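Taken from TrEMBL as is:
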type     : residues        : note
DOMAIN   : A:5-77          : domain 'Thioredoxin-like fold'
DISULFID : A:Cys12-A:Cys15 : disulfide bond
ACT_SITE : A:Cys12         : active site, nucleophile
ACT_SITE : A:Cys15         : active site, nucleophile
Amino acid sequence: MTKVIKILGTGCPKCQTMTGVVKDVVSENNIDATIEKVEDIMEIMKFNVMTTPALVIDDVITIKGRVPSKDEVLALLN
Amino acid sequence: MFDWIQNIADWFVYDVLNMNQGQHLAEALNFFIYDTTKILILLFVVIFFMGIVNSYFPIDKVKNYLSRHKLYGLEYLMASLFGVVTPFCSCSSVPLFIGFVRGGIPLGVTFSFLITSPLVNEVAIGLFIGLFGLKTTIIYVISGVLLGTISGVILQKLKLESYLTPWVKEVLENAQREQDIFQAEKQPFKQRLPIIWAEVIKILKGIIPYVLVGIAIGGLMHGYIPEGFFEKYMDKDNLFAVPIATILAVPMYSNASGILPVVQVLVAKGIPLGTAIAFMMGVVGLSLPEAMLLKKVMTLKLIAIFFSVVTLCIIISGYVFNILL
């Protein structure tokens, strides 16, 4: 099943880094997933997070407020 | 406590590089090695410690605590204290603001948190201990906390809700004391450690260049500006020094790390500490990029009021320091 990955962040450097990490993990491991960047603050607030960047996988918030390592993201996606 | 670093610096400069004691370059190099080593160690310790605190005491818990408890005025102080232990990246200020407001936390209390958090952060504390010593650091931290508290109280009294942007007002109307229970991550310390560690390394990597450049510039100035040079312009009796220093500082946005070593030299050369602290608070606590971000939730008028109140409080604390220290 295709996983839906959302990256919540208003475009700060940390959010860019997180997007990079997630994209790398997905392509390196051939994971079936769509990646969407959510930059609109109103959309972000619907997820009830207070610190960005946040990583949402299939509508579950998995990481917030920090940039994860590749291994961490891979573990979350498996 | 730091004698051993001095010994290492001496050994490296005089024995390994075989330079002569008393030589200008040798002294400057010695100073640079000693200062950077000491400051990097302190930064590491403080950032690591704060990382641990923050891991057990995340922002969601803070918000829930503030939104559940009525504290009879103490909530401003609590919010301000929470600001010290929960650092956040400036890009999170908008989601934080909304999260707090939505949790039914009064605007003034939210401001207390937003003011203290960047003002008293782990990097500033680490650098402060290294450059100015423990006593000045404690004074800085206490005054930062008080400043956040008092500014929050004032801002609450001004009843500024009507100056929020329309969609935030909507959020405000639907605000409720949150009942949702925070799913605390029950991770053992062993699992938290790698995450905390990675974060510490990331922060250090980000600030080391600024710190090195700052100390290098400070070192150069140390050699070339004569003792007491600034006393002529900025002595304690000069009433304009504090406001000018503060107002100059507000638009500046250095992540404290670069500016602090320079300020330390300025103090050594005769700028009163209160004036210097006011300057640093202006640099660290308020910035134009932050104002731009806040535009999403506040009208320009509210941002202007917010910045004015905080600036005023900084100026006052600068005067108080100059009298006390």
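First residue shown is number 1, and so on along the chain.
Cβ from N, Cα, C; glycine included.
TrEMBL labels come from automatic prediction, so no person has curated them.
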Sparsest-packed of the listed disulfide-bonded residues (A:Cys12, A:Cys15) - C-beta count within 10 angstroms
A:Cys12
Checked against DSSP, the composition of the domain 'Thioredoxin-like fold' (A:5-77) is 30 helix, 19 strand, 24 coil
PLDDT averaged over every residue in the domain 'Thioredoxin-like fold' (A:5-77)
86
